[in-house]
Each structure stands twice: as structure tokens, then as C-alpha cells.
Amino acid sequence: MSTVIRQIIFTSNQRNRKVMWLGTFFFVLLLLACVAIYHYLKPLPAGLSYESEVHHIEHIEFLYDLTYMKEGVPYQEQRIFQKMNTMIEEAEEFILLDMFLFNEEYDSSLEFPALSQSITSLLVEKKQQQPDLDIIFITDPINTFYGSYASPLLSALEQQGIDVIITDLTKLRDSNPAYSGVYRSLFQWFGTKGDGWLPNPFSDVAPPVTLRSYLQLVNFKANHRKIIVTEKQAMISSANPHDASSYHSNIAFVVEGNILRDIIETERAVAQSSGYRGSLFDRLELLPSPPADEGYQLQLVTEGRIKQHLLAEIKATTDGDTITIGAFYLSDRELLASLLAASKRGVDVKLILDANKDAFGHEKNGIPNRPVAAELKKKSKDRIMIRWYDTHGEQYHSKLALIEKAKEEEGIVIGGSANFTKRNLDDFNLETDVKITGPINEGLIAEVANYFETLWTNETASFTLDYEAYADHSTLAHLLYRFQEWSGFSTF
């Protein structure tokens, strides 16, 4: 009898332990889910996802860098960083920069211009020549591999009294929520600094990194902006001052006037959310600029506001209008749906895409652009026209949209740092673009149209390839793209 009782008690205890462990498991799972959901949807820091008022401006400069082949010989046209150098040299009151990639780390078997070092030297020299000149440099923690080691370039700036601000990405929403919920709950408390022992993924000669910094990397979010502002002008670009990005094809816009105040305020928001409490932003004085009521309509749009304006302008297109996009990444589902809907309305949709095959000496798998292109071709019944930029180790890194409205004789340009992906357009990354509206067939709108026409037609050199060159109708590639875009577990 006692044996039976003991067996009953033992069985009951076993069952209770299973219930306890099961309850604990589901409690932890619920806790992680709550953390993930909150940081996926939480309010953004003040000043982000910003839309300025409409400014009027007489002149806007459109710049582009191109790498291409002509009669079998590679050529580079470089304008963007030449302009940046000029802006630094001519600044008299202040220089404000916000740059995503700013380092000299890459595979030592490759060779690139020392772009980041040259900009560092120019800023150091400028500060030495004009000690009272205020300089602020905001950047992404990727340049220290998330705190694994000090950047010699950033340290050189700090030694001259230049304010360097490393963006606090924890204040941003999490684009990879399933992973980030676990990371925030279990790993972030241990930091990332320490003696590294794992190979640096960017360079075989860069300092080794910690496991904790790799764990932070997989959150997959960034301060992706590319801006320089002085008291005279601002440049909003798709180009990174990063050695291994030197030969990428990029675009930029140089603006002046009252929109500079908007740019400064959006940068102040990043600095303050990253813990900056200095007074330099209060001292940034612009050149006087009387308000204008003629010229181009110009707006600053950041983060999710970029997508709102892009979708609204595409939705407003009608039969006979044209949409042309040049993109390093194109994957956002809402944007793809809007392009398909526009093509059904009789809008000409033309895309110039990077084939996603090259990344700093490494071969990529074509995701997302190749499966996206296949989907657009199929669903539009070939109405959407697609060409691939003909890269040879570098990237077609532009992020540019041109919408030409025939009846209104009006063109809209949206361009800057934001790739056309969920991560870049849905308030996860920090991004800055400009939106420009002006008369079609003249001025800046015509310049952008001519830029696209040059790349599309190959009349002066070999810029782009037919769609068939990189067509990929693989079901596996499409499913992998859809999963990565949906989950955020991707680098795009």
C-alpha cells in the first residue's frame, strides 16, 4: 500500500515539475515577445520621422558619381566627394557631418583610394587653421564595430577638439524583432568592449572583435544618413566616405537657404537621443537667407516620411506619366504594390537596379533585387521595364526616384540615403532624403531625367544591361527574399 502511495506522490511531483517548467518556458517566451513587440512599435525619439515645410529655392545642384566601362576600359566620374572637400575648405562658421560608413577597413588583397583618411586629414587641418570653427561629426557605431575597438580616424578628430557623436541605436525601433527581443533581454547588459578574439568581418588586418559586438550587429539597424552642412550649403547624398565604397555609383543634392535649419534640427535630434549634451548646436549660425516664393519646391523628409511622400506621389500618377527609379535595394512590399498598380494605370515604370552581386570583394546572392525584379516582371506582364547597372566589383548605390507628370508638366525627385526597403522606409534606420518639385524638361528635373536616360540607353558608354542578364525566377530565392523582408533578419 505504501509503495502505491509513494508511486502516486512521485508521479504527481513529476507532473508538477513538468507543469512548472512548461509554465516557466511560456512565461519567458511571453516576456521576450513583449520586449520584441514594444521595441518594434515604440515611439521614436523626438525630431525623427520628420517632414519640413515646403521651401522655395532658385538653384539646386545635382551631383553623381559613376563607374562604368567604355570600349572595355573602366572609367570613374567622381564629383560628390570633390564637392564635400570644397564645402569643408570654404566653411567659415561650422561644419556638421552625419556619415554612416567612415572607415578604411576592407580585404587587404583589394586596393581603394584612402577616402576616409583624406577627409579626416582635411577636417583636422581645417580645425588647426580655424580653432574657433565648430565641427560636429555624427556617425554609426559600425565604424568601431559596435564598441569593440577605437576608430583611429574618429580618435584623430576628437584629439583636435572636434565633437564626435556615436549614434545610440538602442533608441531606435528594432527591425529584426524576433532576434532583438532576445538580445535586449539577455545580452545587451554585457556591453561590447573588451579584448576581441573573433576575426573582423570587414578586414583581415583590422582589430579582432568580441562575440558581444557580433551579437549587436545582428540587430541589423543603423544611422544610415549621409549629410554635410555648413553655414552656406548642405549636401544630402547616397554616398559613404568609406574607402571600399569609393568606386560606387551614387547621387547627391546640394541645397542652400532655410532648409538648412531643418537639417540641423534633425541632426540635433539624433545627437540628443544619443546622449549629447553639448552646446554646439545652439551656436550654429547660418548665412541670412530671405524667404522666396519662386523656384523649386524643396522639402526635407526623413525616415518613414520618405515612404509616405513616395507612395503618395506614385499613387497620384496617371496614364502617360513616367516613374523612373535607380536603386541599390528595392524590396518594400507597399512600394512594389504601388509600382504594379501604377503600371496597370498606364504609367511607364522604368527601374535601374543593382544586381546585388558585389559587396566589397565578396559575392552576393542577388537578393533582394533579382527576385523582386522577377516578381515585378511577372505581375506586370512585362509592362515594368528593368535594366541592371553593369557593375564590376563596385555597386550601383544610388537611391533616387523621378516621377514625371505629363499633364501637369511637373516633375518630382526624391533622393538621398534611403534604400527602397522596409528597414530604410518604415522608421527603423535613420535616413535623410530631399523631395524636389519643379517644371518638367528644364533645370534640375531635366538633369535627373538626362542622368537616367544616359544610363538607360548606353549611348556614350556601357552603363546598364538588359533584364535577361541577371534574371532570376528561382522560387527559393523569392521565398528567401520574402522571409527576410518580412522578418527583418537580413542586411537589406
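The first residue you see is number 1, and the count goes up from there.
The backbone N, Cα and C atoms fix where each Cβ goes, glycine too.
Features of the protein shown, as given by TrEMBL:
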| type | residues | note |
| --- | --- | --- |
| TRANSMEM | 21-41 | transmembrane segment |
| DOMAIN | 311-456 | domain 'Phospholipase D-like' |
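Counting same-chain residues at least six beyond the ends of the transmembrane segment (21-41), those with a Cβ under 8 angstroms from any Cβ of the stretch are 173-174, 177-178, 180-182, 184-185. Taken residue by residue, the domain 'Phospholipase D-like' (311-456) breaks down under DSSP into 46 helix, 47 strand, 53 coil.
Per-residue pLDDT, averaged along the domain 'Phospholipase D-like' (311-456), amounts to 97 for this model.
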